[in-house]
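The structure appears below as structure tokens.
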Amino acid sequence: MSGSAEHLKDEGSKTQSMIAGATAGLIARFVIAPLDVVKIRLQLQSHSASDPLSHRDLRGSLIYKGTLPTIKRIFREEGLSALWKGNVPAELMYVSYSAIQFTTYRSVTLALQDTVGEHRMPAAAESFIAGASAGAVATTATYPLDLLRTRFAAQGVERIYTSLRASIRDIAVNEGPRGFFQGLGAGVGQIIPYMGIFFATYETLRVPLGTLHMPFGSGDATAGVLASVIAKTGIFPFDLIRKRLQVQGPTRERYVHKNIPVYNGVFRTMRHIIQNEGYRGLYRGLTVSLFKAAPASAVTMWTYERVLRLLLKWEKAQESPT
């Protein structure tokens, strides 16, 4: 695959793209789950770990300092399984998200090609539009699962939600349908530029990197890592705002950070964070996010390419006369 001049978006049927995308999301999610829990807890921490003055209103909130210390503390106080809190809704989200994302990406790309005909737009622009559209559709469709993942990961020793079914019932009763979509504006505002930049960068880098003789065909993985790091850094403040909006509601003061402020709206939340935490507050958890994004994207893209290739080979073998 790496040495092929074909683009990912031109290969396979819709069903094959969906299967490959779902498989890639499932595997990637399990691998990076502990880093995801750490990232969420750092993002929700509105007090500075290094500024004692910000500790005056902790209300029993925990203080996390860095990736490894946070992992150790979670393991020590909550057990090994705590590093996979929220993994059930997260697995469902990643499988669904990846399948919808790749399928929509391919469909939009083919639609653009049919629309413009001979006057085909540049590959980078095509990838940006298709990636942004795929991200927006997938984010909206799977957002309730994303919110549940965040709330489960934010739980400490005290269990607010005992199961996935109980959490859905509790939110529906106490917050209504809108409760499942808190922070959606930040989610879509984040994912559209992220996926556009990611796919445009990935498609640009994949072919030239694929011509290099790299071990285990890792040109795809390298392109995925670079594309992810570039895109993730640019839109990280929206990711943090989304997380803080997701834990708003009647359970806001019961998570590991019991002093989470009341937020309302994307830009008002951004303004509140800048005023009270400075611009650095918008980038809490960025380091672990990049550590997480790199292996997650590498595993996702590498697995997607390989699974799709296996499906194409299997289809060809089925069509070949025996």
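Cβ coordinates are placed from backbone N, Cα and C, and glycine is handled just like the others.
Keep in mind that what you see is a predicted model, and the values were worked out from it rather than measured.
Per Swiss-Prot, the feature repeat 'Solcar 1' maps to 12-111. Look at the repeat 'Solcar 1' (12-111): DSSP puts its residues at 76 helix, 0 strand, 24 coil.
Each residue in the repeat 'Solcar 2' (122-208) has a pLDDT score, and their mean in this model is 89. Annotated repeat 'Solcar 2' per Swiss-Prot: 122-208, in sequence order.
What Swiss-Prot lists as repeat 'Solcar 3' is 215-310. According to DSSP, the repeat 'Solcar 3' (215-310) comprises 76 helix, 0 strand, 20 coil.
Under the heading transmembrane segment, Swiss-Prot lists 18-38 (among others), citing sequence analysis as support. Sequence-remote contacts of a segment are chain residues at least 6 beyond its ends whose Cβ falls under 8 Å from one of its Cβ atoms, and for the transmembrane segment (18-38) they are 12, 64, 67, 70-71, 74, 82-87, 90-91, 93-103, 149, 153, 285, 288, 291-292, 295-297, 299-301, 303-305, 307-308, 311.
Under the heading transmembrane segment, Swiss-Prot lists 92-108 (among others), citing sequence analysis as support.
The annotation transmembrane segment is assigned in Swiss-Prot to 128-148 (among others).
The list of residues near the transmembrane segment (180-200) in space but at least 6 beyond its ends in sequence, with Cβ under 8 angstroms from a Cβ of it, reads 101, 105, 124-125, 127-132, 134-136, 138-140, 143-144, 146-147, 171-172, 227-228, 230-232, 234-235, 238-239, 241-246, 248-249, 265-266, 269, 297. What Swiss-Prot records for 180-200 (among others) is transmembrane segment, and it gives sequence analysis as the kind of evidence.
Per Swiss-Prot, transmembrane segment is recorded for 221-241 (among others).
Note on the transmembrane segment (285-302): residues 24-25, 27-29, 31-32, 35-36, 38-40, 42-43, 66-67, 98, 198, 202, 217-218, 220-225, 227-229, 232-233, 236, 239-240 of its chain, located 6 or more positions outside it, place their CB under 8 angstroms from a CB of the stretch. According to Swiss-Prot, the feature transmembrane segment maps to 285-302 (among others).
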Inquiry  = Treating G and I as helix alongside H, and B as strand alongside E, what does DSSP give for the repeat 'Solcar 2' (122-208) in helix, strand and coil?
reply    = 72 helix, 0 strand, 15 coil
Ask   = Who are the long-range neighbours of the transmembrane segment (92-108) in its own chain, taking Cβ under 8 Å and residues 6 or more past its ends?
value = 9, 12, 14, 17-22, 24-26, 28-29, 129-131, 133-135, 137-139, 141-142, 145-146, 149, 195, 199, 300, 304
